[in-house]
Amino acid sequence: MFQPSNTFGDPVAFRTIFFEEAQEHLANVEAILLRMDTDAPHPDDLNAIFRAVHSIKGSAAMLGCTEIAALTHLQENLLDLLRKGERPIDPADVNAMLKAGDVLRLQVLHRRGTVADAPDATSVEALLRERVAQPATDAVAGQSGPVTRSFRVKLGPLAQPIDELDLDMMLTGLSDMGTVKDAVVDNTAGGGVTFEVLLQGAAADLQSVLALVVAPEQIAIETLGVVAAPAEEPQLQATLPGAPKLEAVPSPSPATAPAPNGLDEFFVDPAEFKNRKNRAKPAEPKPAEFAAAEHAPDNVDLFVSPEQFRKARKAQPAAAAPAQATPAVDVLHDLLPTAHETTFIRVSTEKIDLLVNLVGELVITEAMLARTGALAEDVANDGRYAANTGLADLSRHTRNLQEAVLAIRMLPISNVFQRFPRVVHELAARLGKKVELKMFGEATELDRGLIEKISDPLTHLVRNAIDHGLEPPDVRLAAGKPAVGTVTLRASQRGGNIVIEVSDDGRGLDRDKILAAARRRGIPISPEAPDSDIWQVIFEAGFSTADQVTDVSGRGVGMDVVKRNIQALSGTVDLTSVPGQGTRVTVSVPLTLAIMEAMTIAIGGETYVLPLASVVESLSVAPDELHTLPGHGDTLRVRDEYLPVHHLAKLFPPQKPRDQASAIAVIVETDGSKAALLVDELVGQQQVVVKSLETNFRKVPGLSGATVMGDGSVALILDVAHLVRLSGREGAMLL
């Protein structure tokens, strides 16, 4: 097996970096392919894809991943044809590249050890060869010899002046390979260099040449089109008034200089490039010699230096400036890195988890100290004041540290959203529908643990919106809608929760169809029930209104799993729909599962914890304020609204006698509806560190975890949604 040499340092670390970067490159390639307009593709898009594929190929070959290098080589062959304009790109090319990306991902995962079996790349390799073999267009095929293109180049704004020898070498090399014209040079900080060049090759090759002397983020290349190869020798034509006519300069004889062969001539050995740069720089001609340069003998170098260009341009009056400005260059900020690009570091998840746990222990320590300070009644006033001040500082610093550490685990929701353009693209094509995907709030951040767990539920909701929600184009047109349906993903932060909406502008839910399906399955639901109750039926296990089972849906396995998975994250799912207008599913999950704001309550002398995000309000309740309704149990009237009452003491048998004279009702909201939880006492509000019950004990319905209180005791964290369901069951008991 191939073993990287010690030149690269730790081989394992080097391979890990390659795997991570390959995944990033593949994600970027997929994003570009999905947004590309095949009727008018932007050359920079094709060049960006080529650079990413080429980067994967080079690293894979160096690490001995021959199967990855072979597949990316075939991709390069196809991309080379397309970016050189030898034939137009079509949707079949995009699909071939997407399929190749899927196989490459599996190959990377196999090399990483995540996937046991190596993927079979035979079919996708054959597909790429088939696409490469497609005939070229008549316009391009009619040309003999290599294709010559026209490029407009802009270098800048420059962070600092380019080394003049480097600039001379670059322009001289380009003029040797093709025709450089309309050059305007301002080699100062904040200035730039612009010119047009005719040569054989592609924009990516030109980018590689320019990157030898200029930072990549300062390079913008616009491909103007394919042109006929120039009949005369390449020349450099300066636009400055009074500049020499370089056409008069005799070309080198074949004995002294070989004929140029496009950009390949400029890719010299790095040692040769250093030798060129280290040559003594020729003395610049004095300004008086500039005008006489036209009459110089044949053996004089007539290349105009950047300094001479700058001095000559500044010496001209404003009226002498060209009448027409150089057209603006299209700078693709979303593809090129910027000068202020954020620096990232790679940190293992284990290290971050350890740091989060340590902060959690610090929170517990702070709570213990606060309790100790409150109990120290015999401390002198001054000492108590100093202790309280110190505790206040500790509390503030702990909160700041906690927020900073938790921020390390936060990732933008775009890490989930970025997979959906591909899902929409392929599913719409399979179903014969036209779909536009809109995404908002992609910068909203969520705990990385939740990011990984929320992906599958959201994917199912998006697929449901396309399959069940959106109508076929002909049906939409008949209903007066545009043929293209819209699926919208929207993320936002509301308090301590992240809210994600998946909506469509389709047909909406069919109330009668849902009721009929519910009756067939024996699900008790009144025909007079409000829409909100009817919509909740689709979350029942095995429920489906599909007339036939397809490879996409119809088996009744989906929405119940979505709801169960979201509730496992201490989240909620809500659904609204308007017939003929569409459906919206709203998912709400906490920002993080590590530390949360909580309300502590007491039941029979034991302390329990309620997530504060679920609590609406609390109020005192006398026994005569509870009303029993047939079929509904106890209810409590709160501002003309009757809420179901759940006695938590029935689920958690008290360890000591309780005062039956009065109780506290904590009004909570779950699944879009409110309920009243009867408790004995409100202890307070504080932050708690969530500890897993499954890790230390077992999963218990109605409990989402445990925490250590300030006095060192353990308190159970209640799962409100499960508690409400459990308390309605006869004889239900948790502990």
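Any Cβ shown, glycine's included, is placed from N, Cα and C.
Record features (TrEMBL):
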type    : residues : note
DOMAIN  : 7-111    : domain 'HPt'
DOMAIN  : 391-593  : domain 'Histidine kinase'
DOMAIN  : 595-729  : domain 'CheW-like'
MOD_RES : H54      : phosphohistidine
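For the residue listed as 'phosphohistidine', the count of additional Cβ atoms within 10 Å of its Cβ stands at 18 [all protein chains shown]. Summed and averaged per residue, pLDDT over the domain 'Histidine kinase' (391-593) gives 84. Applying DSSP to the domain 'CheW-like' (595-729) sorts its residues as follows: 22 helix, 75 strand, 38 coil.
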